[in-house]
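Straight from TrEMBL, the features:
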| type | residues | note |
| --- | --- | --- |
| COMPBIAS | 1-23 | compositional bias 'Basic and acidic residues' |
| COMPBIAS | 1138-1148 | compositional bias 'Basic and acidic residues' |
| DOMAIN | 22-73 | domain 'P-type ATPase N-terminal' |
| DOMAIN | 1358-1651 | domain 'P-type ATPase C-terminal' |
| REGION | 1-29 | region 'Disordered' |
| REGION | 1116-1159 | region 'Disordered' |
| TRANSMEM | 57-76 | transmembrane segment |
| TRANSMEM | 418-439 | transmembrane segment |
| TRANSMEM | 497-517 | transmembrane segment |
| TRANSMEM | 1389-1409 | transmembrane segment |
| TRANSMEM | 1421-1442 | transmembrane segment |
| TRANSMEM | 1472-1490 | transmembrane segment |
| TRANSMEM | 1575-1598 | transmembrane segment |
| TRANSMEM | 1618-1637 | transmembrane segment |
Amino acid sequence: MGLRKKDNEGEESRTVDFGRQERNPPFADNSVKTSKYSWISFFPLAISEQFRRNGNIYFACVGILMFVGYYSPWFYSSVNPWTTLGPLAVVVSVSLAQEGYTDARRHVSDKTTNNHPCVVLRRAEEIDSNDRKNKRKNRVRDLKVNKGKDVEAKVGTTVVPIAFESVNRMKILTGDIVFVRNREMIPADLILLASANEGGSAYVETSSIDGETNLKLRSSPHLPAQGPDALAASSCDSLLGNDSGAESLKHAVQRIANMSLLGHVDGVGAVLNPKNADELPNGGSLSRGKSLANNISTRVLQSVFKGRRRDGGRQQSMMAVREGENVSYVTTLTSEPPNQHVNNYTGKLTLPPQSADSRSESAPLGAENLLLRGAVLRNTEWVIGVACFTGSDTKLVMNSVATPSKFSQLDMLINRTVLLVLGIMIASVCSLGVLSTVLNQRKIGTLWYAGFSTDPNVPWPYFNLGESSNLVPPAWKATTPNYLQNTFMFITMLSNFVPLSLYVSVEMITIMMMFYVGWDLNMYHAETDTPASARSTIVTDLGLVEYIFSDKTGTLTCNVMEFKRCSVDGNVFGMPVAKASPQRALSFNEKNEEIENEEFESARPLKRLLAAGTSAASAENVDQFASEKLTFNAEMFLRVMSICHTVVVEKDQVPDESDSNDASKEILQTESNVSTLSMLTPMKRAKAKATKARKKEKKDGSPEGFVYQAESPDEGALVAAASNEFGFQLLGRDSSGVHISCSCPSLLEDENIVEGMKDGTLTAKVLAGKTASNEVGENDITVDECCSPRKETWTILAVNKFDSDRKRMSVLVRSPPELGSVPMLFCKGADSAMMLDGVCEGVGLLEDLATSDVESDSEVQNAEFASLLGIQAHLGEFATEGLRTLVLGVKIMTEEKTEEWLAKYKEAATSIENRDKKMTDVAYEVETGLHIVGATAIEDKLQDGVPEAISKLGKAGIKLWVLTGDKRETAIEIGYSTKVLSPKMHLTEVVDGPAQKVKTLIAMELMRHIKIGNLPAYQFSSLDHSEGSILKSIMWCFSVLGVWNRRCILAWNQFYLTQVKRMWLSKDNYKFEMEDLEEQREADKRKADPRVQRRKVRQLAREIIKEFWSDPNNAHLKKADDNDETSVVSDDPPAVFERAKSARESLQSRRGRKSSEEVPSAATIKKLALCNENIFDEEALSMRSYIPTSSTSKFDNRKRTIFERLFAVDKDVRHGQLVKHLNDDYNDALALDVEDQAGKEGIEEMLGVTEPGSPAHQTHFDPKSVRRGLILEGAALKHILNDPVLEEMLFAVASCSESVIACRVSPIQKALLLKMVRKYVEPTPTTLAIGDGANDVGMIQEAHVGIGISGLEGQQAVNSSDFAIAQFRYLEDLLLIHGRWNFMRMSKAVLFFFYKNAALVSTMMLYSVKCLHSGTTLYDSWVLSVFNFVGASLPVVFMAVFDRDLSRDYVMRNPEVYQSGPRKEYMSLRTFIRWVVICVVHVFTVYYFSAPPMQLGGGVTSAYKGLMGNFSSRRVVGDGEGGGIKIFGTTIFGNLVYVVTLKALLETRSIINGEFPTITCKKGKGEGWPSRMGYTWVGVSWFSVLFYIWFLYMYQLIGRSGPSSFFPFVFVTEHLLNMRSITWVLSILAPTIAIIFDVTGKVYSNIFYPTQSQIHAEIEAQERKKNK
């Protein structure tokens, strides 16, 4: 199934009246369906899913043919149809049962979700009248809300009781007024109307939507102030323009009742107010009728459409109101149609007019007023909202993905193999049909014994002798069976060409592989008692993964922010974070930079920030700055941390904890009793320890009994650090301001300082310079050790919230009266937004000093210069450690400027139109001239082992894309901390903006990659060059056949979908299926000739660039020496690292660490704001795109042998890239010593060992060597996605990037990005998605393999996943170990099953020559069944369950061996051809070394007592019973069994990995006896050979019991094994000769063209030998 796309094209907007759903059109109900089937559609759909396997289709058709041939005279069939249809029915039934059980669990989950109790506001009379009429209590009040009492709302002169009805979630309809309590999930998309918080605001947690666990602030709509006739009860209501104070529940219900249908039953929507006629659709020409017929028809329509989506956006007939008519108006919601955009919303509320002659006021609605379904209400006692979207219309459901029916890649390979085998079978059957028809017609005269004769008058032989003369002879058959009859006969006889046992065995093997995943202790998380689990049967796909799409929060990180380091006054505080990268070795330059960093910094503990300042500005002012006070920068730094935020303080309410942990209490009570602790489960022990740790320490620094709730985790970390580390504790916030507690004396306590700040004589820069401290003594006493805490209240005058344009947040505050009541602006933001000229006053100082080599004599300027340079240097250091950085600044405001700006701020805040833009403009106005006081560094703590896991997966050849809902800066910082990004990597950031700018950036990046040779397929040399070789022509013919084959399959799928499957599909599912079919058709067009699409991509890129430069507004972006097609992009690393490097050099020169000759010039300092120039010739690169790419190869293709070219499975071997294929010159160069290599001309360039600093190193630059990363922003993707050409352009750029990070992406965009990779990569790669939240479900279900992490965001991801693990690091074992082993094992098993059945059928075809192609079977039917399901199958099952080619430790040390799966080493066309060849050899060997010796008297007879035991008398003659078809066929059959079992021994690696003795008490003998046993020997000896012999005796014994189908086998076993010595001779001779060919071929293959797995197996064997 594809992505969910709702049919809302006909709906432009929706209008909803508040209060009663009966007055609104029949929109979708609030039920949600995740199940795939209904009771009616289960069998048709589930059975059709089972027949996606070609094998099932094949056996169903063959079974029907057998049935017709067995029970009708149309053609002859010697095979009972139930031997095929019976096992097929069992296989399909088991799969149906499994599918039904899984979907039944989905139904139970849906029922639980849809029937969850919710609270809706109703008129009390509706509930009571319903009870009286129906005499049943199906409508009840919620007793937990208002103690079950009604709220009496005064509406005019009438008192209307409003009740809180408890309803199921699915019964909520659009227009209902819904009540939600704290920590409850929002049941539908609601417009917030009221809450228990001040100003009608509410906090929600949206982790199930966007993956972020931090709280989001939502507010009630802001409406213009009402006149004097407004409701008196609404004087403090945010809906009426007054945001102060908190509202009681009773008051909120009364207010909402007055503005909704709850209070006015016959009210009319305010949008129909005649004064608002200009706002009505169709010019207000709607009519209002009150006829009984209209009322009846309306009710009928409501009853019909109740609970369904309206068709095409059909609205209920809106009735206009005549002028002067006395009606009551109610609030009307006009909303945008349902859509998938979770971060956007537009709508308006139309309020009742204040008087009959006035207009209805409208209030705009935005995303900040919308509570999305799936969010959880936090830090808010209750909220009331009106349901805007319900059920399938909600944004969460629209971002979901329909439950897919995943088909593993191995199943697809099996399907293709079945088609290939079927082709061979059809060719064989057709040939045999022709031979049978021709030979029978030629020899019809000699076939009298079969009833054929051309003369009907010829008497039957033997019918005229003795008693038989009275029998009536049968009629002669004058004609032999025709070609069609013979063909059908051979189809039924050779039906075993496709092994039915394959599917049964694959199911058994898959189940064992799933158990292995759950039993693996290396993937067991002891802290949470969580093992890994396999929830799907696609275990083999784990060995084919090429792309990983990972969520960030909760997947890569623990979602725990911790304050680590900071920079204040040019000093860094906090210990460095370990930054060893496991991904790659550091280069020479990077090592030098690390050494410089270590020399440059001597980090101080965080507490040292509180150390007293020691320097004064001058002698006369020395008393002004007491030595126990902090420096100005340090104090303001801490105050910004503790005040500039939106963190709220709430009571610590953890409902789970009171009743969760009997284990916790037991641990705390019996802490010293170790035995009691050990008796608990690991899960309970982990919970108990966590509870104990929580009681022992409060990590968030909040007051006792309270917790901090932050919108951003960064804010929470800063507030917690300010409290825990520095003693600046947030106590709470209310209308009076922010309350904090601190221990440090303040500079603002000095009246002289306060006066100087107010009159402007003491600026922030002056105060910072005079209080700056150059050194902090180790023995200084920190302030928090000598001062008692005091409480302060800082008044919040205005808040400028963070937005993506400004990238910063600021608050205008007034200090407490005891600190002078000074107005100040506190600001924090990203370094790219804070360190700008105009925003930061110090940047201008840097530029002034950069233009002159003379340093300033001002101590204040020097102090600020050093501080800014230190911050910039430290920011680079923090970024390399992967820390999230923020820059903090302050601005001292005068009273006049404060009042002037506040007036503008209030005007913008109360405006209705363009409020966001006006608020941003006033924020820009005040956020200028900031004084930077410091920078913070926060660690988003990674999960254990994440960098190491990413490194190993990268070495395994797997590409990682990180898709997150976080902002861009956060995503980039996590990229650095996980080592996905590196400081030397150039980042291409595709951010939100105009469509032209976004497309131009992608187009220019594409052209750059084309010109430097990263995309040779898009170069003119590839697009215009046509190959003319014979081999290419042959390949072209095959490609044409493939195109026609795909088109035929698509045509059949379309016919089946439109004519058959459509009957039981729903409308939505049918639409999804058609969309998928259309996507397959588009993909087929691209495969037909990909050059056509690539030409379109390149042409569009050039057109976009040309259009961009034709715009005069973009002329300033182009430099004189730039190339038009690539000038906007560059190869430079991020600017923060360049600024840090230049700042470090400047500081070192100022501190005297370099000689005067090495002091950086002004140009060095200018690098703080400049980018590097292009260092390669664009014109030369442009010419490259016209010339085929060629490079000097280290390998000589002439050294490849013909066998390597034709039969080598490994691509490296086939392309001649082994050591033996090296160029002679290169091989000789490698043999030289290092000194000799450096001394010989040309050797250095050949080996790539040019030293840094050499002229060649300095002048040569290869643009392809630049490591590039791509950063995508979700808002920018809307300009790219859904356009095939732009999508391919974006993917072409992404494919050239080492790392791709997508930020601010919605759940649907995550799935679309993944789908884009599957769409444009050829061949289609196996994708894996991993996440832990509900926002990752779409991505997980869209991927081939979905991994769910049981983390902090619930179990939604796990419930929708194929596999569940507890930590990201377990992905190593899941892919590299289980995935690789599973695919290797299953591939061998599948090929083996085809091999053994092909060998079986081929011997029957050879025997067919001897029986005139009559269809006589060579083997007994029951013996044949044993071969299929037991005798020759169990050794293969054992091999597939227990086989290992490489040990776990070796694979983890060499993760590159994983590539054997994606490169199809074990199952490819060449591998299949190898098996076909060896099958042909074995068949001819077994048959012709077994059949001829038993012909012409050889073993035709056997002694009565047996030649092997007849020693008593030489006169005993043979009984002549040795030449029967049963003995003849069983002898060949036995030899075939022995060959197959020997082949199983050769294919398995258990002989190598197993050790003797298997069971031992010695230590250090491997992984234990289960890994030391030779399972294949057990399978071959006990469950194949011995079982086969045992079966023959039992078969004979059962036949002696009486007449039955077993009777023909009586005495066969006794003669075969007891009386015929030739049987044992042939059983040794034929298998030995057959297996010699196999061994010879394997030895030759392993020596001359080995696979990578074989090479590594030999390396491991040598390592084991050395270790022994």
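Keep in mind that glycine also has a Cβ here, set from the backbone N, Cα and C atoms.
Across the domain 'P-type ATPase N-terminal' (22-73), DSSP classifies residues as 29 helix, 0 strand, 23 coil.
Ranked by the number of CB pairs under 8 Å to the transmembrane segment (1389-1409), the listed stretches 57-76, 1421-1442, 1472-1490, 1575-1598, 1618-1637 are led by 1472-1490. Among the recorded stretches 418-439, 1472-1490, 1575-1598, 1618-1637, the one sharing the largest number of Cβ pairs closer than 8 Å with the transmembrane segment (1421-1442) is 1575-1598.
Pairs of Cβ atoms less than 8 Å apart link the transmembrane segment (1618-1637) most often to 1472-1490, out of 418-439, 1472-1490, 1575-1598.
Same-chain residues lying 6 or more positions outside the transmembrane segment (1575-1598) and placing a CB less than 8 Å from one of its CB atoms are 1422-1423, 1426, 1430-1432, 1434-1435, 1437-1439, 1441-1443, 1530, 1534, 1537-1538, 1540-1542, 1544-1545, 1548, 1550-1551, 1554, 1604, 1606, 1609-1614, 1616-1617. With a threshold of 8 Å between CB atoms, the same-chain residues lying at least 6 positions outside the transmembrane segment (1472-1490) that come near it are 417, 420, 1207, 1209, 1391, 1394-1395, 1398-1399, 1402-1403, 1406-1407, 1531-1532, 1535-1536, 1539, 1543, 1626, 1629-1631, 1633-1634, 1637-1638, 1641.
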